[in-house]
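A.B. asks: The following block contains the structure, expressed as structure tokens.
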Amino acid sequence: MPPKQEKPSIDVVELDSSDDDVPGGNSPVIEKANAVVPSDSNYKPLDSRSFWKAGNFDVGRIKSTATHGELEHARVHPKFLHSNATSHKWAFGAIAELLDNAVDEISTGATFVKVDRISNPRDNSPALLFQDDGGGMDPERLRKCMSLGYSSKTSNSTIGQYGNGFKTSTMRLGADVIVFSRSSHSGRATQSVGLLSYTFLRRTGQDDVIVPMIDFDISDHWAEPILYGSQDDWSTNLKTILEWSPFATKMDLLQQFDDIKSHGTRIIVYNLWLNDEGIYELNFDDDDEDIMLRDEANHGNTSKTNKRGLELQSHISYRLRYSLRAYTSILYLRKFTNFSIILRGKPIEQFNILDELKLSKVITYKPQLAGTSKEILVETTLGFVKDTPSPICGFNIYHKNRLIRPFWKVTADGSSKGNGVVGVLEANFIEPAHDKQDFERSSLFFKLETRLKQMVMDYWKAHCHLIGLAPLEPHLRNLQRESFVPPQVQVANAQNQSPTDFQPVTGLAAHPRPHFHSAQSGNSGRTNCNRESPAVQPMTGNATGSVQKDTQTTSSSCMSIDQICEENIQLFRRCESYIQRETELKRTIEELEKELEDTKKKSSELSSRLESQKKLKLLKQLGQKA
């Protein structure tokens with residue numbers, strides 16, 4: 001939105017033009033390309049560079065803007081830009097907002113969005129670049145983008161909906177942002193520049209949010225200024241942009257459109273925030289192909305160097321906290337077909353955690369929506385993460401294809417139940433919070449949480465013993481006990497069978513998976529019940545008492561069913577480790593065979609080369625003799 005009646009107390013840049021160059025006429029306005037910022041420019045960052053301290057300043061007296069016959073209106077103080085941005089507790093959440101805007105442009109033909117670090121020409125400080133080749137924004141749409149609460153996104157498929165994400169996200173990442181956008185709409189090609197500068201507003205003492213913007217009509221292949229007010233208004237906007245943006249001349253400003261080509265948007269966030277230690281919050285130095293969150297990365301580097309700790313820290317559920325590449329790889333549930341997210345020159349490889357699950361199971365959930373007869377069916381996929389330490393668990397909850405809550409643990413803290421279980425679902429029936437890092441605490445949300453807890457418990461009870469994370473649950477043990485045939489003394493007819501032939505008969509029901517030990521197995525170093533139980537003597541006296549006594553003796557000497565289950569679980573674990581080891585050995589063999597083939601090829605080449613050298617040497621010797 002261009003400056004209103006009150007303008008910044010700064011000089012206007014004088015533009016050279018001929019008498020025939022009337023703004024808005026048929027002839028273009030020829031402006032000085034070297035209209036530089038005066039040498040006494042007061043451009044410099046704010047004194048407080050930490051985001052969480054940048055809002056600590058006193059608000060001066062608010063000036064009245066009402067003129068005769070007009071009503072007072074509410075004003076937006078610059079301090080609101082900062083307080084509004086505090087909705088983003090996490091810097092990556094702010095970056096995701098800007099990526100969402102680019103993804104929404106897929107419907108207008110966008111094929112990529114690139115995120116990169118560039119240098120601020122003013123002081124060579126790092127700045128953050130976002131650029132896409134979508135449809136771009138015309139002057140009207142850019143003004144809505146820079147305003148609070150406007151949103152032109154009405155489709156159910158678009159991620160953005162509140163009209164607040166651009167302001168909160170850019171102000172969360174840095175104190176200032178400049179936007180370049182080129183668009184073609186209704187047969188008119190335009191390019192626009194907008195500056196949202198917290199530094200400018202603070203240092204010039206503004207009590208209202210002033211956003212200088214300039215627009216050009218490029219339909220005739222030259223940049224002709226579009227005036228919405230007077231020539232002085234347009235000049236003042238340009239002057240403010242040149243003084244407070246990274247670009248000191250109009251030529252530098254317009255050169256930014258060269259990268260945009262025919263349509264698209266280029267966003268540069270500069271004067272990036274520092275942490276409490278005075279270091280840039282975003283780390284561009286540790287990885288040339290990634291952007292790290294410095295404090296989160298340091299927090300993740302614990303003193304533990306054991307194998308288990310390293311495996312935990314290498315998993316994506318941990319890396320997404322401090323690696324933008326890891327976080328962006330799972331940010332969208334469905335993989336793009338004709339769209340790429342390019343981070344520091346390298347495309348992001350999208351990752352779906354569903355591809356990493358074993359023993360997966362799809363569970364349907366029908367949420368009860370109040371006030372509507374529409375029935376919704378939500379599919380949730382559960383499974384154990386392959387080759388990962390058991391503490392990894394939780395649900396990745398998406399909304400309109402966008403990740404809202406990553407690895408949300410719904411089970412109680414401290415409980416081992418549910419460890420290793422990961423789930424994925426798309427919950428479009430509940431609304432996300434404004435920062436898109438959580439959901440609104442509605443009754444539907446709490447019902448979903450309860451349902452997910454039940455899903456995890458049911459899945460855990462039915463599957464945990466299959467991968468050796470816990471023994472069988474009591475109800476499964478009871479099934480085994482019920483199917484267990486205790487030792488019996490079979491009373492035979494004295495005429496057909498000798499009393500000494502009476503032997504106890506034992507058995508064990510089938511394990512859910514093939515078991516390695518049963519009550520009758522005796523070749524693994526364990527005592528066999530049949531061998532240890534003495535032969536039953538002919539019954540005399542009270543037959544019932546004798547049978548009970550022999551049964552108790554046999555049962556006490558046999559391995560208990562719990563012990564068998566426990567040993568089976570241990571064997572399953574060993575079997576899994578042997579299978580994994582076998583796979584690794586096969587891979588090693590393949591690599592060694594490949595190396596052997598390469599070595600043979602090299603040996604053959606060397607032999608051939610040596611043979612030819614010998615022939616050449618022999619020919620030389622013969623030539624010398626001749």
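The backbone N, Cα and C atoms fix where each Cβ goes, and this holds for glycine too.
Found this in TrEMBL, in case it helps:
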- 575-616: coiled coil (COILED)
- 13-22: compositional bias 'Acidic residues' (COMPBIAS)
- 518-531: compositional bias 'Polar residues' (COMPBIAS)
- 539-553: compositional bias 'Polar residues' (COMPBIAS)
- 322-460: domain 'Morc S5' (DOMAIN)
- 1-30: region 'Disordered' (REGION)
- 515-553: region 'Disordered' (REGION)
A.B. asks: Near the coiled coil (575-616), which residues from the same chain, at least 6 beyond its ends, have a CB less than 8 A from one of its CBs?
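C.D. replies: Answer is 387, 467-468.
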A.B. asks: Within the domain 'Morc S5' (322-460) only, compute the mean pLDDT.
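C.D. replies: Per the prediction, mean pLDDT sits at 89 for the domain 'Morc S5' (322-460).
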A.B. asks: When secondary structure is assigned with DSSP, how many helix, strand and coil residues does the domain 'Morc S5' (322-460) contain?
C.D. replies: 28 helix, 46 strand, 65 coil
